[in-house]
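Since the structure comes first, as structure tokens, the remarks are kept for the end.
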Amino acid sequence: MAAEPESEEMPTSAGEGAGDGASIPDTESIDDEGYVIGSGRAGVVRQIDHDDFDPIGTLVLIAIYMAIVGAMWIFMYFVEFLGGDLTVIG
Amino acid sequence: MRQLSPGLFLVLVAFTIPLAVEFRTVAGFFGFDLPFISMILFEVVLLAILTGVYVLGRLTPDEDTATTS
Amino acid sequence: MATFVDRYPDEAKVVQASFAVAFIALGIGAFFGLIQALHRTNILRVIDSVDYYTLLTAHGVLLALVFTIFFLVGVFTWAIAKGFERPLPDIRLTWAWFGLMTTGTVLTAVAILAGLVPEIPMSADVLYTFYAPLEAHPAFYIGLAMFIVGTWMAGADWFLAYRDWRGDNPDERIPLQPFMVLTTMIMWYVSTLGVAVAVVFFLIPWSLGLIETVNPLLTRTLFWYFGHPVVYFWLMPAYLLWYTVLPKLAGGRLFSDPLARVVFVLFVLLSTPVGIHHQYVDPGIAEGFKFIAMTNTMFLLLPSLLTAFTVVASVEHGARQRGGEGYLSWLGALPWRDPAFAGMALAGLMFAAGGFSGMVNAGMNINYLVHNTLWVPGHFHMTVGTAVALTMMAGTYWLLPQITGKTVYSRPIGLFQVVLWFIGMVFMSNAMHRGGLLGIPRRTAEPQYQNFDFAAAVGSVGEIRMQIAFGGLLLFLSVVFFLFNVAATWAEDRVDTPVDDTIPAPLSPPSGAPLILDNLALWTGIAVVLVVLAYTLPLASIVTDSGLLGSSPGFPVAISLEALAEAAASALPHVSLDAAAGLRPLDVAAEAAETLEVSR
Ligand code: HEM
Ligand SMILES: [Cu+2]
């Protein structure tokens, strides 16, 4: 990508707390005052690389999305093709 | 209680609005025709719950989730 | 620590200038949006209903074309210099395209807004889709042509930068951000060809009186040939920010560089051969062609789903690194207080909702339910009006410090503003969708037909109107806060490190991407072939049906009632008896039309 090949190593350039391991940063220092836009990486408490990362939360969100699409599709089938009672447009 | 940052609180407030606006439609499917005012009441209830969570989180923060934004 | 403006001061000036034009357009366009929202809901009417279309044209052009595209050229210039790590080849060329685009924009805007002043014999109330038979003053089309040629020159500028970089780095992978810029521009070159032909060969000569008539279906089809890819042109800068910046803002890294490249290549291939899906109800195009366009459109779901996965996974990576746990509660660990992050995340969420209504639009059979109703503005205010516009506003909070060297004036105002936009859009867009389902038409100043009751199952038309007006007001206020914040930032003093501008390397690096992905010539070739396949037959049949120049004069025309009455009277005897009895109604209409044609 564009910048910083050295950040492959993920140095602590992004700020406090981005070190190795689970050093939990001081809550107050990242609380409301003085937060600078774009410094989300200052809140990093652990490094996760490609092999340790399992995007299960993404799967959950996409499953929710698909469930909504599916439900709406079935709903539309009633409205449009069966002409049944279930309708929003009267 | 989980501690919410003001930012997260604000975003959650935003999320209550589509819920409140479409809440009547859902009720409509089940045959309840609610008046317009119920939308406002529902929104007020959601906001009250959210504010409660926010305030409680500030008063008694959990140790382990205290770092959330 | 130096940031963009210190490293590339000349480029930073061009980016600043582009953003400035974009934001001026945003301010004016949003103001007109508010007037429209209040007018068509009959809450407050400060203009004449006749002028509604002048404002609607200005709103569409200033927001959907000027704001988005000027922001795009700014971001792309930033991405090219930053990605290739070198200044642009010749800054005079850069200023030349900026100047041409701006001149064209001014010309077009003047032509539109002159419609508000009766003394000036100039108007361009043709809406931002500007196809015949609506006719504008030539200045409108000439300005547009200059604007588009300006974007072509910008693309040339970026490709020249690529050539220089390639000369020094013969074996390296194209850095991701420039890769996105270059693929987007290839798509843009392929697709603007259609609108350029329509404008240069038909609309400009027609508006100058050099040719008498045009074939409206031909200019419409050429417009929509460009009209779908343009939505991806709006979207690609937002995607660029979602893929490369959002993960970093979230505290993570891009999940996969190769996947991002695949998505952009798919957009090059599939964006253009789908335009006919905007013409599902156009007579004169065979159903089969529409069906092919629909099928291609459904294929476009693939890159969209890939994007949903990659971007959400990258954001989740950030949340996990910030200590997030669980199936859903990791969402709470994201930096929501950051307006750049929160704005983009909300924009992405709204895009997901826009995807729902987009699927309805895309289906040929269900499109008929909502075609040309208020549903459609409801849909695109979620997509271009929020996914793109809100991402651009949010991105500004991270980009502006880099190109000015100044810190953002107020983070809380920024956060409040992006959330306000989301809320306003929930009200306005949701109500527009509902109104569309009831059959309320779009593009009309007077949507309340007497003698017609729109039946609502839940709620009432009155409530829908209130929500549109209220949402429009919130949106306008959000823009006011945004512009204030931007202006106040610009007025500040420069500091050393205004923002953390590093972008961490992707989790899955570009070395994993097949080399063929970087073969831009190949993808261009395939894209052209697909376009030829999808468009040759429809265009050929449109031209054989009614000729290259067709027979439609321009509108609005001054119709004299006398001539109309005469024509009707002379048409009457042709109505044969059996036709009048309803046996051959079509023939009657055709016959009558013929007589009209002759007697005009
Ligand atoms: C202040 C925020 C906004 C408000 C209050 C607003 C409101 C409206 C309204 C009421 C309409 C007219 C619907 C009709 O009569 O058919 C409209 C049309 C439109 N809006 Fe917006 N809008 C806003 C922002 C945007 C943004 C940010 C974009 C794109 C980037 C956008 C793009 C459009 C387009 C393309 C049209 C269609 C014009 C046409 O039919 O020719 N709007 N808007
Ligand atoms: Cu389209």
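Every residue gets a Cβ built from N, Cα and C, even glycine.
Curation does not apply to TrEMBL; its annotations are automatic.
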From C:298-319, C:496-517, which range did TrEMBL mark with transmembrane segment? C:298-319
Tertiary contacts of the transmembrane segment (C:298-319) (same chain, 6+ residues out, Cβ under 8 Å): 239, 242-243, 246-256, 259-260, 262-263, 266-267, 270-271, 274, 330-331, 333-334, 345, 348, 352, 355, 362, 507
Are there residues at least 6 beyond the ends of the transmembrane segment (C:17-38) whose Cβ is under 8 Å from a Cβ of it, and what are they? 44-47, 52, 55-56, 58-59, 62-63, 66-68, 70-71, 73-74, 77, 98, 102, 105, 389, 392, 396, 399-400, 403, 428, 468-469, 471-473, 475-476, 479, 482-483, 486
How about the transmembrane segment (C:224-246) with the transmembrane segment (C:93-118) - do they touch, taking at least 3 C-beta pairs under 8 Å (6 or more apart in sequence) as contact? no
With a cut-off of 8 Å between Cβ atoms, can you find at least three pairs linking the transmembrane segment (C:520-543) to the transmembrane segment (C:93-118)? Only pairs 6 or more residues apart in sequence count. no
